[in-house]
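K.L.:
Handing you this structure, nothing more for now.
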Amino acid sequence: MTFVVGLTGGIGSGKSTVARRFEALGACIVDTDAIAHALTAAGGEAIAALREAFGDAYLTAEGALDRPRMRARVFADPQAKQQLEAILHPRIRARAEEAMARSRGPYVVLVVPLLLETGAYAQRVDRILVVDCPEELQIRRTMLRSGLDEAAVKSILATQISRAARLARADDVIDNSGPEEALGPQVDALHRKYLELAGAGQPARNL
Ligand code: ATP
């Protein structure tokens, strides 16, 4: 079975940025957030079930999930949140498993933003890699990228586990408090470690 590194971190910590660097080194990236976006884009696999559960009110004119509207709804309505998750989570999991089964890389980096909050992939990952930076930076970078205001970013942060709790669960940590270039040597070192752990770095026996 492929060696799986679960990559997680709080909002705006730099998960996608780090994942791209692993990909450039030859790792196979399976990103559950990207899968969720594909499932809920116009014509996506989850749209029919979403329409059935919530009606057209949460779909855009093009037929994609209206994410800001749905986000507001589930913030205020735990039952709707459960319903949304019951539609999305099994589908995301199935697509992620398929992608991992197709993997050709020496190991898989499975990006799961809420890996530690939900526990759903706890048994599936061989190792937990946390991308870490101070909360002020998470907030600033998320605001710059998304256009969300500070209050909105902070309310999302409040639903995630604390930085300390996340770090306590990490097998490996990437420090993303510096410039992006500082990621290179950290990702290189972890790539070598994961190749070794996955067995791909071992010289062939009986030569
Ligand atoms: P989300 O949880 O919102 O999906 P994420 O954890 O995947 O975010 P990224 O999308 O990689 O985080 O990074 C968030 C933003 O911060 C992006 O615009 C990215 O380009 C920027 N960023 C990431 N790392 C750095 C860095 N070291 N210095 C400056 N900007 C950075």
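For all residues, glycine too, the Cβ spot is worked out from N, Cα and C.
Reproduced below are the annotations present in TrEMBL:
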BINDING   GLY12, SER13, GLY14, LYS15, SER16, THR17  ATP binding site
K.L.:
Run through the Cβ atoms and count how many others sit within 10 Å of the one on GLY14 (ATP binding site).
P.N.:
22
K.L.:
Which three-state DSSP class does THR17 (ATP binding site) fall into?
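P.N.:
DSSP call for THR17 (ATP binding site): helix.
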K.L.:
For the binding-site residues SER13, SER16, THR17, which Cβ has the most other Cβ atoms within 10 Å, all shown protein chains included?
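P.N.:
Result of the Cβ crowding comparison: SER13.
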K.L.:
Write out the long-range same-chain contacts of LYS15 (ATP binding site), meaning residues 6 or more apart in sequence whose Cβ is under 8 Å from its Cβ.
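P.N.:
Long-range Cβ contacts: LEU7, THR8, GLY9, VAL111, PRO113, VAL131.
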K.L.:
List, in sequence order, the same-chain residues at least six positions removed whose CB sits under 8 Å from that of GLY12 (ATP binding site)?
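P.N.:
The answer is LEU137, GLN138, ILE139, ARG141, THR142, ARG145, VAL153.
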